[in-house]
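Take a look at the structure set out below.
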Amino acid sequence: MGIHIHKREIKMRKLDSTKVRPLKSEQLLHIEDHDFALRPGFGGSPIPVGIDVQVESIDSISEVDMDFTMTLYLRHYWKDERLSFRSNKNKSMTFDGRLIKKIWVPDVFFVHSKRSFIHDTTVENIMLRVYPDGNVLFSLRITVSAMCFMDFSRFPLDTQNCSLELESYAYNEDDLMLYWKHGNKSLSTDEHISLSQFFIEEFSASSGLAFYSSTGWYNRLFINFALRRHIFFFVLQSYFPAMLMVMLSWVSFWIDRRAVPARVSLGITTVLTMSTIMTGVSASMPQVSYIKAVDVYLWISFLFVFLSVIEYAAVNYLTTIEERKQLKKRGKASGMYSMDAVQAMAFDGCYHDTEEDMDLSPFPEPCEENETRASQTNISNADTPRLKRKRSLKGNVGRIILQNNHAIDTYSRIIFPSVYIVFNFFYWGLYI
């Protein structure tokens, strides 16, 4: 009786399916029974491999290196009947990256890529899903840096067209047909993708063929996107400062032509500032051999600033010639130890319009020191020639400045702003 009960327990254990040892993935998918070094349908028609992409983010755009970095989900679809299995409920099986090395997968790579990697936190971001009829979904999360051939002729008012290209490395069109799985809908993007310097105008998917002389024709897929640059940053950093420097150089036309230190220092300051702005822009750009839009604006602005300095050099020279002629006509020439008005102005930076105002000693004191000495004297009854001159100037400063203006200064006040406004009108009308 005990023996009969023992046999019955053994039979019940065999019928209990929960105690059956589960099959390994290799056994369930018959991996050991096939050579997966060969593509599906080897020797026959090319195997179709569908692709769809979801762009997660565009991480960076580099003008200096002419590349971009993108993070995306890359999904492959194909059918391999060698992986088909029986399933009563027609459910798929999902695996991680450990099974990838044991089966055949498409060898898609990124054309013109510089760097790329599969994310591996906390494990490799790889998913493999196999359906009972042998259809396979292979998904990766990848970050790739690829070249973008940029044209900076309109920088920073430019729009750059970049593309990420996918292609099979080993299988040409006779062995593998690469195509977009859902046509134009195969490319999707995250709604929150944004860049600091660019508007992303559009994403589009396209396909074509690539020819290599040694291996033949290959299917190639393109992820195209257009980037329009934000202009406001460059207006604040380059255009607006350059415009201010040009307008600041015009202040020189309203300063008395005899104020040599003031006009020269103003001109040199604006020239050096424009040079600094141009150097800063060039440092953040690739060393291209053609002229950019920002170069046109900065160089024209620099030319206006430089011409304002040249304008004063011409005014100062012509003023010197004119005053020498006037002194010769009046017979005011002095001896070898005397100094005329022009020489005195060149020495101490002050204009001396009368002979009494000039110090005819071989080493005249600067005008400020002369005023200090005059104020320290105890002679209160007799006014010095300089004090007389100061009193005569009271209330007539504006009139005297206008009378002392050179004709070149008068014309420059109108010509320089007018030409610069016309230049801006044509510049912004052409590039925007």
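Including glycine, each Cβ sits where the backbone N, Cα and C put it.
Taken from TrEMBL, the feature domain 'Neurotransmitter-gated ion-channel ligand-binding' applies to 31-230. As annotated by TrEMBL, transmembrane segment applies to 231-254, 266-285, 297-319, 414-431. According to TrEMBL, the feature domain 'Neurotransmitter-gated ion-channel transmembrane' maps to 239-330. Annotation comment: TrEMBL describes 365-387 as region 'Disordered'.
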Requested in this report: Mind checking which residues of the chain, 6+ beyond the ends of the transmembrane segment (297-319), have their Cβ under 8 Å from one of its Cβ atoms?
Outcome: 238-239, 242-243, 245-246, 249-250, 252-253, 257-258, 260, 263-264, 267-268, 270-271, 274-275, 277-278, 281, 406, 408-409, 412, 416, 419-420, 423, 427
Query raised in the report: In the same chain, which residue numbers or ranges, 6 or more beyond the ends of the transmembrane segment (414-431), come under 8 angstroms Cβ to Cβ?
Result: 154, 157, 246, 250, 253, 293, 296-297, 300, 304, 307-308
Query raised in the report: Taking the domain 'Neurotransmitter-gated ion-channel ligand-binding' (31-230) alone, what is its mean pLDDT?
Result: 92
